[in-house]
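As structure tokens, the structure follows; a few thoughts come after it.
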């Protein structure tokens, strides 16, 4: 049962094309039957979007999303395409999923791991930076004013910022909750990065608010080897990376914290044969701890350019016919945004990739977190759109247009009012979201208790209207019920999964099944 709602020959071909990276085949199939993009798993364990994201096929991921694939669809284990892209380090796929407004806070059914846990486990710092982009606002100028661009000249408008001009809201507590979200056993993303010795990833997480004193829980089975109640310093000591231990100590981690087994970090180091860490972790040690600068991967302009790309489009930027208006980086597309401060102009795609690939190890003029301008080497804190930028936007998928209950209505926005019976039979499950058909075996996991509507108070779901203008009551819950569901989901986000099955045979078997299907 579950998501396996049946299959067809064209569905099998789409799965194979998504797995093998055959963009021509995938495009042909979706042109013949666009509803294929909204199917869930075609009788398997993963959707075509999962296959394409795990393999890093950016063109197929983009094609599926434009054709209406649910960006937050889950597989048999409750994992999203974003988790697969982060697990395999495909940061360009992560970036594309973020442009289609995927939900980064979702956790899988097995252990409560988010995409941030998957990225931190392997030290994929670019993926970590992308996942946190919506939680880190582009800082304003020192005088509290922001600049806009008019006719190529930089002007100052007080009381306005790039984030406020797009109607964005920033919630610091949401960032701290997400970055410190514990998985099964209380393991955070910082624990995972510390255990595997990923210094750059740890530094970025700490700079953005990761708790260096977070402890694992006395229940759960993910941390039995080191012990419950362990801090990231215990994990770094077990991993054996001296630089990671120094970083944690410089940020306030304590050498005297005992875990539930009564072990200090130095005891964990001895158990794992890390004797070279004893002078550093000894409670009586007087060894000097270096002071660390902010992370080289901190990119404050990310939020501004990411939301400009969402609103004004990234994929459909036309080439410029005027050489004077060409982007100085790619020399192909017309300039659409300007760097705040130096006012140099770029196309949206180049500005986005400047933030995605920035690794400021060279000297430049700018505050921490700014990225160097490729033309003048001055620091860029945010981007602003040019007045002449056309509002094209990304082609919305059904997952962005409707919440899950509204997707039960099989009539698409772009489809005609009258639909033949044959088309109804062919597309009878096309609009059913995977969230509505959860596998029965996932019910014991707390993380599977998801609300059926993702609409917020500021962006309610639009009611579907009939041809005569009268509203048709959509099958979404009442406003009070939706608020209660959102509150319940937030409680589920804060509460870790204590299923005790993260490393159990059943959970591992389910995850191995999904991974084996992708790697086949």
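Note: Cβ is positioned from N, Cα and C throughout, glycine not excepted.
Remember, it's a predicted structure, so these values are computed and weren't measured experimentally.
Annotated compositional bias 'Polar residues' per Swiss-Prot: 467-479, in sequence order.
Residues or ranges marked as compositional bias 'Basic and acidic residues' by Swiss-Prot: 484-493.
Among the features that Swiss-Prot reports, region 'Disordered' is placed at 467-493.
The repeat 'ANK 1' annotation in Swiss-Prot covers 44-73. When DSSP labels each residue, the repeat 'ANK 1' (44-73) comes out as 17 helix, 0 strand, 13 coil, counted as helix, strand and coil in that order.
What Swiss-Prot records for 77-106 is repeat 'ANK 2'.
Swiss-Prot lists 111-140 with the feature repeat 'ANK 3'.
Below 8 angstroms of C-beta separation, residues 114, 116-117, 119-125, 128-129, 132, 135-136, 172, 175-176, 179, 220-223, 228, 230-233, 235-236, 238-241, 243-244, 247-248, 251-254, 257, 292, 294-298, 496, 502 of the same chain, each at least six residues beyond the ends of the repeat 'ANK 4' (185-214), sit close to that stretch. Residues or ranges marked as repeat 'ANK 4' in Swiss-Prot: 185-214.
Taking DSSP states H, G and I as helix and E and B as strand, the repeat 'ANK 5' (228-258) has 17 helix, 0 strand, 14 coil. Look at Swiss-Prot and you will find 228-258 tagged as repeat 'ANK 5'.
According to Swiss-Prot, the zinc finger annotation covers 327-377.
Counting residue by residue with DSSP, the repeat 'ANK 4' (185-214) contains 18 helix, 0 strand, 12 coil. The list of residues near the repeat 'ANK 5' (228-258) in space but at least 6 beyond its ends in sequence, with Cβ under 8 angstroms from a Cβ of it, reads 185-186, 188, 190-199, 202-203, 206, 212-220, 264-266, 268-269, 271-272, 274, 276-277, 280-283, 285, 289-292.
Here the repeat 'ANK 5' (228-258) has a mean pLDDT of 95 out of 100. Mapped onto DSSP helix, strand and coil, the zinc finger (327-377) counts 10 helix, 10 strand, 31 coil.
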